[in-house]
Every structure is written in structure tokens, then in C-alpha cells.
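What follows is a short report on a single structure.
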Amino acid sequence: MTSITSVELNYLVFRYLQESGFTHSAFALGYEGGINKCTIDGNMIPPGALITFVQKGLQYLEMEANLSNSDADVDEDFSFLQPLDLITKDVNELQQIIKEKKKNLHKDREKEKEKEKDKDRDKDKEFEREHERECARVREKERHEREKEKEKDRERLESEKERDKQLEDNSDRRMVTDAEDKHEENEFFEGPEPMDISITSTSQTCEIPSSDVMILEGHTSEVCACAWSPIGPLLASGSGDSTARIWTITEGTSRSGVHNDSLNVLVLKHVKGRTNEKSKDVTTLDWNGEGTLLATGSYDGQARIWSTDGELKTTLSKHKGPIFTLKWNKKGDYLLTGSCDKTAIVWDVRAEEWKQQFEFHSGPTLDVDWRNNVSFATSSTDNMIYVCKVGETRPIKSFAGHQGEVNCVKWDPTGSLLASCSDDISAKIWSMKQDKYAHDLREHSKEIYTIRWSPTGPGTNNPNQQLVLASASFDSTVKLWDVEFGKLLSSLNGHREPVYSVAFSPNGEYLASGSLDRCINIWSLKEGKIVKTYTGNGGIFEVCWNKEGDKIAACFANNTVCVLDFRIGLP
């Protein structure tokens, strides 16, 4: 190993003294050590050379002290020593110091580990206590819910008893009232005050027996969506059993009761093998305008397009969450889907690919509705409504005003006005000409689940009839609104549970409503009363009319679909 000479060391010290300002000391060392006679080129020596040299030596000693005979590498617990120790002590003494340091460090670490374990144990205990408290809260809540349900059942029973008693006591008076009503012949939408239409105004002859209803069986889970083809006798239904079905409804089977003819139904399976897979729930469906294609939306985030003979034509995959709603545009070249992933997507059906994804909402998209062939509205749990247009990267209109989730949006028949309803117990009418709502409709006492426009007024097949909006609520009522003035026309009080669906007949003269009370009520808007009612065996999620207006379909929570012939029982 190369060693440093005394001449080289003297020169380094000489340079250190010069650089540090010790001029006299440097002169004395230079004179006595003969620095001027040495052959070292001063230009080759960097400033601070002596300090660097000493530091390197100390680092070497420190490294040597940290190495033991059995170690092939530096210990992971490398200990830094004080410079004075490195200068004054030999390697053995330095190694002893390091052992003591490591011993103390190990003790400190063990203490820290014990503290961490104690903290973890405390956290686990607190988590267990919180879990027990949460379970207790859940049990208490469930107990309260059960008590509320019992109380509700008791109240319902008392109410029914009271109503039956009143019906018996007032039968004569009601006959007189009915005679007066027939004599006056008041139009339903005329008169300055809104009317409360009650189920007590109906007669028992309006009840349609099960034998006069076609019941379609085959689904193995609740049926949450149904829709008639716009051109033929085909009825589509979507269920939690991961299938959609296309039923052929012929005239000869209108009164056949339970109907399960495999020749008259096509099963559209959304999963291979077993059914009832919840990730494949069929949540929504819609026919294109020509009635040649059926689109279904599923809980797996995929939209599927089927032919009328049950062939899967296209699977559209891009959403990252369940599809809650989908709609064809009138032209039939675009399909619009809204998803729990907070987005809406316009699909180019012919190209079988997505055209544009709209990511404006901060919560799940609950509903979508086309305004025309290229623009549409979306609503969300974020309380917002956006009007979007294919090709535009930002909404062309934003409507803020609801204070709760916006469950449904619907354009009027001309695309001029947009109606919306929300968990904030209001419905609103919006115009593209202004940012704030045109009308705030507040007569319901609970959340409004859905709304529908009547097929009446300018631009429809019934131009001479008044345009009205129907709203269905969890308060068990359906309300009809004058949209020009934002006023309540009438309240239809025939149900006893939340109303999930309403549908106008094609001629705009009747309204069908379906409720969790298992009843379908069909209202004459002209007479202001229930003209037909049917009670099934489960809650009703959706009702719809065929294009001729002579049949009504409804889907039930008891896995069935029923078809009611509207001509039955009419005077």
C-alpha cells in the first residue's frame, strides 16, 4: 500500500496554514522544513487538501471499526463515531464502543416495538368496541323499523275498517252524489280549483278479475322493466334473473289467465349458464322507433342490442358501473346510456362503438332523455341536470335548482320544455331560454319518483287537447299539472303505497298508474275517476300502453308480467 512521505505531509500542512491565514506559522514551517526545495507542484494541490485527507482517514477508521471478522459487509446498523474517538482510540476500543451503541439501540427498538404493539392492541379493542356499537345501532334501527311497520300495518287496518264503515254508512249519500255528478257533466280540466280524486269515487264493478288478465310467467326474479314494440304485438320485459324476454301477445290469448307458452316467448340471456346472477340484472330496456331492435341495459355495465327474433346483435362495453337508463334517438342511429359510473355515453349503433362519453356529473347518472336526434338531457344524484349535444365537449345548458337526487327528466313532445322530479319532493319545468326553472311544482309530501308528459297539445296526434304533466310520488298520489301556468290541476288519490310508474294512453284520455300496493289504476281524465283497477300479487314497477291503446302491460315484484285488455268492462 502506498504511504505518504513526510515532505508531502509537510507541504499539505504548509498549504493548510496558508489557506487558513496563519502566515507567520506557514513561513516558519516552510523555512524549517525546506518547502521551497521540494519538487511538489503547488498548482496540482487543490484547496483544502489536508482537511479532505484527514476526513478520508477518519471515514476509513470508522468503516474498519464497524466491520467484524465474521461480517462480509457493513452491518445494517452502521454506527457513526465521534472524530475525537477515532483519533484517540485504536480499532479494538472503537469496536467495543460500537457494540455498546448497538446494544442500547436494540433495547430502544424493542421498546418502540412494544409501544407499537400496545397501540395496535388498543386500536383493535377500539375497533371491536365501535363494531359492537355499530351492530347495536343497526339492531336498534331494525327494531325501530319493525315497530314502524307493525304500527303502519295497524294504522292501515284501522283505516280500512274506518273506510268500510264510512262506505256502509254513506252508501245512500254517495248514490245521490253520483247522480249529481252525472247531471253536471263537468270537464276534468275545467274549473279554477284543483280536484282531489279519491278511490272512493269508483264502483266495485271496476275491479278486473284475474281471469280477465293475461299473466305471463317465466321470469325467476322481480321484473323491473317492460315496453311494447312501437309497431307490433311484441312486449319486452327485463328482470333480475339476468334475462329479458320478448312476448308475442296475440288476440286469442287476451283472457287466457296464466300464460307460459314457450312458443310465444323469446328468452334473451345476459349470462351463460345459470341465471339470477345479480351482476347481470336487466335494469332498463327500450325499442328503437322502427320496432326492429331492442336495447337492454344491465347491472354489469354493458348495453346489448337484440333483434326481434332474439338474436344478440351487439354488445356495447365501456361503462365501469351498472347502466340505470338507456334511450334510442328518434332516428335510430344513436343509443344513449346513463350509468352509475357518473357518465353518459352516445353509441354509434351502425359502427357498433361509442361515439362520445359525457363526464360532467359528480354522482351516478339516474336518467337520460333525447331532446332531438343529437341533443339530450341527463340527471344525477348530484342534484344537477345537464343538456348535452353530440360533438360538444361541454354542456350546452346546466340546470341547478333541485336540492336532492334528480330521479327523472323528460322533454315535452316538442322538445321545448324539460320536466324533472327529485327526492326534494318537487318537480320543475325548465326552458332552454332561461337558466332558472320556469315553474316549481310543490304539492307532493314525499319524494317524486317519476314524471310523464301527456301525448297532447301542439306537435302531437292530439293537438286540440291540453298538454299536462303527471308526477308519481312515494306519498301514494299522482298529480296532474298545468304546465303553462305551473298550477295543480288534480290529485289522484287511489293508491295506498308509493307509486312507481304512470303512463298516458296514446289518445291522452286515460292514465294508468302502478304502485307497491299491487294495484294498477286506470283513470279517465275526462270523468275524473278510476274506470278500471286490477290487483296483482306483487308491487308494480312499471306500466305501459301498446300503440293501439287497447292493452296495458305491467311488471311485478312477484316475477310476473300481466297484460290487461283495456276494452274489458268499459260501459
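Backbone N, Cα and C atoms are what each Cβ position is placed from, and that goes for glycine too.
In TrEMBL, annotation is done automatically, which means it is predicted and not curated.
Record features (TrEMBL):
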- 107-185: compositional bias 'Basic and acidic residues' (COMPBIAS)
- 103-185: region 'Disordered' (REGION)
- 216-257: repeat 'WD' (REPEAT)
- 275-307: repeat 'WD' (REPEAT)
- 316-357: repeat 'WD' (REPEAT)
- 399-440: repeat 'WD' (REPEAT)
- 441-491: repeat 'WD' (REPEAT)
- 492-533: repeat 'WD' (REPEAT)
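Secondary structure by DSSP for the repeat 'WD' (492-533): 0 helix, 25 strand, 17 coil.
Look at the repeat 'WD' (399-440): DSSP puts its residues at 0 helix, 21 strand, 21 coil. Under DSSP, residues within the repeat 'WD' (441-491) fall into helix, strand and coil as 0 helix, 23 strand, 28 coil.
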